[in-house]
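What TrEMBL annotates here:
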- 47-58: compositional bias 'Polar residues' (COMPBIAS)
- 47-69: region 'Disordered' (REGION)
- 59-69: compositional bias 'Low complexity' (COMPBIAS)
- CYS114, ASP116, HIS167, CYS170: Zn(2+) binding site (BINDING)
Amino acid sequence: MHRVRRVGGYDTFPDRGVPTVPRCESPNVTRVATRFPIGRWHATLRGMSSPSRIQATSEPTTTPAGRTRPTAAEALAELLAGNERFVTRRPRHGHSVEAAASGDQEPSALVVGCIDSRVPLEAIFDQTFGSICVARSGGQVLDRAVLGSVEFAVAELKVPLVVVLGHERCGAVAATVTALRTGERPGGALGYLVDEIAPAVTEVGLDEPDVVALALRRHTVRTVRAVADAERVAERVATGAVEVVGAIYDLDTGRVALLD
């Protein structure tokens, strides 16, 4: 058992440099929180912070329709506020044909997530039609199609925020752990997903009791790095026009929390 230290309201493993989860209302439920800041890539996660610490260096811009685009901080605040509405069962948005058809496409964020049916991205952030873009793949793995979609959202739709969202008990990560332990790599395209997630599992180590949970966090951080390093994304990160953050969704509580 690793020694846990409380930092800034959150728990960390000081001997490993890997954050664990802040304590929940229920002693039997835990969750991850915090943000992974752009431009400061570390081999290990450091401590945890409030989402209010996200800082966009660019000024708000206007859309083709003349509306003011939100900053990355404003977009993130709205997503987290929407998640709070979702958790507390006070959704603001419904789903209607009229909402889908009205207005231009001016999303405030792109969320890259897993295909898991228990993690409907628009619902957990309480977002309506046109407010966010989503890109989903098994284990939020980035292939060329997903990365191209990310670049389109950033470069053409001008979203100021990209969120890479992992989720607890991810089947793709669990399958990768099993494949590495047994030495039996799945065939076909499923093997590609395993290959992409395997480095995160290897970094954590198969002997780690919480290998699936910790590998999920590590894989999410690696994906944040890959998104931020993509050519058309990196250009806008460098100017402060976009931020890329990682987060984890807790299946038990419904809460989204940021990786730092």
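Each Cβ is built from the backbone N, Cα and C atoms, and glycine gets one as well.
Other residues of the same chain near the Zn(2+) site, with their Cβ within 8 Å of the Cβ centroid of CYS114, ASP116, HIS167, CYS170, are GLY113, ILE115, ARG118, VAL119, GLY139, GLN140, GLY166, GLU168, ARG169, GLY171, ALA172, TYR249. The most densely surrounded of the binding-site residues CYS114, CYS170, judged by C-beta neighbours within 10 angstroms, is CYS170. DSSP assigns HIS167 (Zn(2+) binding site) to a strand. According to its DSSP assignment, ASP116 (Zn(2+) binding site) is coil.
Around ASP116 (Zn(2+) binding site), the same-chain residues six or more apart in sequence whose CB sits under 8 Å from its CB are HIS167, CYS170, GLY171, listed in sequence order.
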